[in-house]
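Enquirer: Handing you a structure now.
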């Protein structure tokens, strides 16, 4: 007896069902260990086996027309066929009824289990499975014919959509060539890595069966089973679950239970190495012991759980199983490393003292010299081209923003031109010489604050600013070289989250305060008038001697101070009565003469627009709108796009808002000075020695700003294989401080935000991953060429000066505000401050709140707020120049907190300092009480260490 489709299946099986020899050496084909859990293989039980694709074929149509239809598939998460829509569902976490697992256990215990089955084709496999004594020869023949019937798959070729309203999936063609073409064009095949294997689960109801029939087969050699699977993968497992008709979806749920079991990494690892039925049932029992049961009255089984952003670590499950296995325990050292290595910081070899003068620097040079050729060869990848474009735009934007703000802070002593030139020269040199070439040098908020303080000090005491700044830079370079010689970079181990958050919060507040203050000063200078009130004056355009209308004159009453000619960037601004505008042949720009109050209003509009646009575009990256490529572009270039849109709005409306001041020629912004700064100028000679005091404070600031960024960039979770270079990087920064001081260029250190964005653009990820699973992070493409090209392009951007002068200053202020808000919102400190204002019932389920009492969390936050308030007060007083020293005091405050908080509390609220990690015994970190069998720190131990590029301290 042959059912329709059997002949084609036999032809296909005879031609295509051949063993895959390349998989003979897979873990499933070798000798089996004695027990189901071999702790000496597979990294303590963590699966290193080929990826397994599981497919569920269900028998439908009894008793009229029987046919096999694919109804579900698994790689890691479940996808169901949505018959009405003719498509696959979104991947989701599968949920099972406990009864289906229990029934599956009974079927396997009483059914047929074949381990290392030698079948070489699907026909042989069917014959092996149907050799059951309970089946008569007639039933056996009917069952074989039924199993050989071709199943129907739902295959959607790339770029096509199923017809709307289709009631049935598209049937596969019986033509052999069309079938193979359809299988190979399946888009799912592209998502599965080479070497992947398959598992087929067949389930359904058969009226002619008297009792259930269950069979589980593990093939010795994986075999391609022809059209049984929707993708032509070699199959390792085959499971048959059939039985008489029942009420409900009995065998459908049992088949789902078997597929979910095979998709579980721990069960799959054990079953691949099982030697008998006892091992198989033991693996199922172990799965049952870890199952979480949801009460039926509080849970809707039809609800689909979205895949988590980060998959939980398998170590926690592994150790719970190891405790139950009888035999020699694992080495204590290995367990301790796995228990605490996930959350205790271990110092990197770059932060170990050598005890020799410049010993750390020499080690960095030797370490990086061996990688130097590969630093250029590794850049020969298309990904580096997109990284160059992305980081170039970010670097240019940063140079424009900080150049404009630096020009205001120093009254034009430095400006955008110096910012471009210094960024290009310092950045390119650093990329060629540094120990961590992924670092991007730029002007940063802390250095900008110090430049402002230094200029104010020079102005208040009538000092020549640039010569004084030159000697400060010379002394800073000297102090930094001394820090390199004494290997002071090892002290970065004491920079915990407490210090980083205090540093970040202070700079963020300075950004926010300055941005809002600039806009308020503009509004104060030009108060917004109510309708009908007299205008202060007009902006009139009149022809220059050549007849071209290119000059602007501000006309207003003569008794008004000339307070805005520099702010507004006007050419030849002068005080004229309103009537003189018409006498000179000028005319207003537009139907209504733009008054001074209009300037304040439209400047405020541009300020808020640029801030809101940058914020909204950044949030688009994590939204569900638009394709992923569009979301990434909008999110990564949020600042650039916000600036361009702000400039476009300003140009469209024809507003006379304050513009960025840019020199029209390649010469210093400050008139009358050359590119080399005179050592003394009008300053007394002894000032060169007195400059050592502010230089000492700036050295502390440079050290903290540079090394905090270096610590963040070189974290272990970024999987950098070429190592760090803390000493070499600081040495390069010292030499560049000397160079930029001599040329009167801005000072540069590592910029955290752009450097992290640089690393993010060079992420290496596994191309193929399970549906619904986040791509596996492999590391960073470490090389020097992208940064070098970025800074060369930045240097050529000096010739963009004719375009940059059209950028409105309110737009830059809005981007400045966005940077401060984004930096502040990315820290745990901000979340803990929000808890102070939030009732307990509305507080989010943060991990630290599960293990630290709310009063202790509030105390820790209050101490941080007090430190931040003290830093702000010092910054706002005449003693502001010593604020770098107060930043260093945060490390001392953090050390003192060890007398107030326990190590367990500091572990959740902050991090442990190096001495504390070594001196505290293991039992000191154990909880006092353990409820439910889970230790209090288990969640922290097994938190996945994946890079999160969302920290901003610039």
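Glycine is treated like the rest: Cβ placed from N, Cα and C.
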Enquirer: Labelled transmembrane segment by TrEMBL, one stretch among 685-704, 705-724, 765-784. Can you tell me which?
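Expert: Feature transmembrane segment in TrEMBL: residues 685-704.
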Enquirer: Can you identify, from 637-656, 657-676, 837-856, 857-876, the stretch that TrEMBL calls transmembrane segment?
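Expert: In TrEMBL, the transmembrane segment feature sits at 637-656.
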Enquirer: Which is it, of 561-579, 580-598, 599-617, that TrEMBL names as transmembrane segment?
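Expert: Transmembrane segment, as annotated by TrEMBL, spans 599-617.
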Enquirer: If you check TrEMBL, which stretch out of 355-373, 811-829, 887-905 is marked transmembrane segment?
Expert: 811-829
Enquirer: Are there at least 3 C-beta pairs under 8 angstroms linking the transmembrane segment (637-656) and the transmembrane segment (387-407), leaving out pairs fewer than 6 apart in sequence?
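Expert: Stretch pair touches.
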Enquirer: Quick check: do the transmembrane segment (470-491) and the transmembrane segment (599-617) share at least 3 Cβ pairs under 8 Å, counting only pairs 6+ apart in sequence?
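Expert: Answer no, regions not in contact.
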Enquirer: Looking at the transmembrane segment (599-617) and the transmembrane segment (503-526), are there 3+ C-beta pairs under 8 A, with each pair at least 6 apart in sequence?
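Expert: When sequence-distant Cβ pairs are counted, the transmembrane segment (503-526) touches the transmembrane segment (599-617), since at least 3 lie under 8 Å.
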Enquirer: Apart from its near flanks, which chain residues at least 6 from the ends of the transmembrane segment (725-749) lie with a Cβ under 8 angstroms of it?
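Expert: Distant contacts of the transmembrane segment (725-749): 350-351, 360-361, 363-365, 367-368, 402-403, 406, 413-414, 418-419, 421-423, 425-427, 429-430, 433-436, 439, 441-444, 447, 451, 466, 469-470, 472-474, 476-477, 480-481, 483-484, 487, 489-490, 492, 668, 673, 675-677, 702-703, 705-707, 709-710, 714.
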Enquirer: Before we move on, state whether the transmembrane segment (503-526) and the transmembrane segment (419-450) share at least 3 Cβ pairs under 8 Å, counting only pairs 6 or more apart in sequence.
Expert: yes
Enquirer: Cβ under 8 Å, sequence separation of at least 6 from the ends of the transmembrane segment (811-829): give me the contacting residues as numbers and ranges.
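Expert: That would be 397, 400-401, 404-405, 497, 501-502, 504-505, 507-512, 514-516, 518-519, 606-611, 614-615, 618, 639, 642-643, 646-647, 650, 660, 753, 848, 861, 864, 950-954.
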Enquirer: So, by DSSP, how many helix, strand and coil residues make up the domain 'Band 3 cytoplasmic' (177-301)?
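Expert: Helix, strand and coil residues of the domain 'Band 3 cytoplasmic' (177-301) number 54 helix, 31 strand, 40 coil.
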Enquirer: Within the domain 'Band 3 cytoplasmic' (52-155), how many residues are helix, strand or coil going by DSSP?
Expert: 32 helix, 33 strand, 39 coil
